[in-house]
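Feature annotations, courtesy of Swiss-Prot:
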- GLU135: active site, proton donor (ACT_SITE)
- CYS21, CYS105, CYS206: [4Fe-4S] cluster binding site (BINDING)
- HIS50, HIS83, HIS133, SER234, SER235, ASN236, SER278: dimethylallyl diphosphate binding site (BINDING)
- HIS50, HIS83, HIS133, SER234, SER235, ASN236, SER278: isopentenyl diphosphate binding site (BINDING)
- HIS50, HIS83, HIS133, THR176, SER234, SER235, ASN236, SER278: (2E)-4-hydroxy-3-methylbut-2-enyl diphosphate binding site (BINDING)
Amino acid sequence: MKFDPTSPSLNIMLANPRGFCAGVDRAISIVERALELFSPPIYVRHEVVHNRYVVQNLKDRGAVFVEELDQVPDNNIVIFSAHGVSQAVRAEAKARGLRVFDATCPLVTKVHLQVTRASRKGIECILIGHAGHPEVEGTMGQYDNPNGGVYLIESPADVETLEVRDPNNLCFVTQTTLSVDDTLDIISALLKRFPSIEGPRKDDICYATQNRQDAVRNLSADVDLLIVVGSKNSSNSNRLRELALKTGTQSYLVDTADDIDSSWFENITKVAVTAGASAPEVLVQQVVQAIAKLAPSVVTEVEGRKEDTVFAVPAELR
């Protein structure tokens, strides 16, 4: 289907902030620097960030992505992904003599430390997150006290059926790719059932997740369609799409410009484009160019919250 070239201009509104966050920037930089300083192959446990384009680019430069450490030969370099790993994985790497560079996002590490402290004190810990996500697996793997317990919940319904040892000795943490709004109802249910439960400090919330969701929320009411640039296995990218759908705005998740379907734009005059925290800006610009070919278009950068957070790479890689 082709658009009538005489049709009204399509207003393409670019959300801000969008795309790479400081944790993703740092993780990619760690792999790039390791490839520059040491001879390939450089092994990376799990996709360093959840973006197909980024992973393929690093593969082409000599990175080898594996799911488990038994795929890494002894005495080699291994990089842990931005999502973090369990204590058991760290112990295995040490026992195998692997040289580790840790690309775990510092905000994920803060959550890990909370769980570790809870384990040490025997406080039972509840994690709000999505089963099967590597960050969740790594976070739950920080708890090793057999006299306590760590539990995963995904919804208010899970709170009602949750069985704990001591309802007066509880804390909770959240997956970093969930925003305040994502967890609001679950936390309310936790506080109602366990009034003495302790939660994380507000400054432990991932700024990037919240900022990108706020930008989508602010734009959704003013557009007919939202395009999210991100891979299907990217939790935060999926949340952006879901947020738009909840507000009544049609939304699609695209990995690249090749995924754009012209039928989505029938009778559309305003479209917003954003990107998950692991999607590079080059993909955003390619998507914008693909949309602009469908009809006479005007591209507008929408003002949003400024981000200046930077996380340093390990000293050995500087």
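Every residue, even glycine, has its Cβ placed from backbone N, Cα and C.
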Among all protein chains shown, how many Cβ atoms are found within 10 Å of the Cβ of HIS83 (dimethylallyl diphosphate binding site), not counting that one?
28
Distant-in-sequence Cβ neighbours of HIS50 (dimethylallyl diphosphate binding site), under 8 Å, six or more positions away
GLY230, SER231, ASN233, SER234, SER235, SER237, GLY276, SER278
Between the two most distant Cα atoms of the (2E)-4-hydroxy-3-methylbut-2-enyl diphosphate-binding residues HIS50, HIS83, HIS133, THR176, SER234, SER235, ASN236, SER278, the distance in Å is 15
Smallest Cα-Cα separation from HIS133 (dimethylallyl diphosphate binding site) among the binding-site residues CYS21, CYS105, THR176, CYS206 is shown by THR176
Spatially, which candidate from the binding-site residues CYS21, HIS83, CYS105, THR176, ASN236 is nearest to the residue listed as 'active site, proton donor', comparing Cα atoms?
HIS83
CB-centroid shell, 8 A cutoff, dimethylallyl diphosphate site HIS50, HIS83, HIS133, SER234, SER235, ASN236, SER278, site residues removed:
VAL49, GLU135, THR177, ASN233, SER237, GLY276, ALA277
Sparsest-packed among the binding-site residues, when each Cβ's other Cβ atoms within 10 Å are tallied, from SER235, SER278:
SER235
From CYS21, CYS105, CYS206, the binding-site residues whose CA lies within 10 Å of that of HIS83 (dimethylallyl diphosphate binding site):
CYS105
If you count the other CB atoms within 10 A of the CB of the residue listed as 'active site, proton donor', including all protein chains displayed, you should get 24
Those same-chain residues, other than CYS21, CYS105, CYS206, found with Cβ within 8 Å of the centroid of the [4Fe-4S] cluster-site Cβ atoms are ALA22, GLY23, VAL24, ALA82, LEU107, VAL108, THR176, THR177, TYR207, ALA208, THR209, ALA277
Do me a favour and check the Cα-Cα span between CYS21 ([4Fe-4S] cluster binding site) and THR176 ((2E)-4-hydroxy-3-methylbut-2-enyl diphosphate binding site); whole Å is fine.
12
Quick one: give me the count of other CB atoms within 10 A of the CB of CYS206 ([4Fe-4S] cluster binding site).
24
What whole-number Å value do you get for the CA-CA distance of CYS206 ([4Fe-4S] cluster binding site) and THR176 ((2E)-4-hydroxy-3-methylbut-2-enyl diphosphate binding site)?
6
Between CYS105 ([4Fe-4S] cluster binding site) and THR176 ((2E)-4-hydroxy-3-methylbut-2-enyl diphosphate binding site), find the distance joining the two CA atoms and give it rounded to the nearest Å.
10
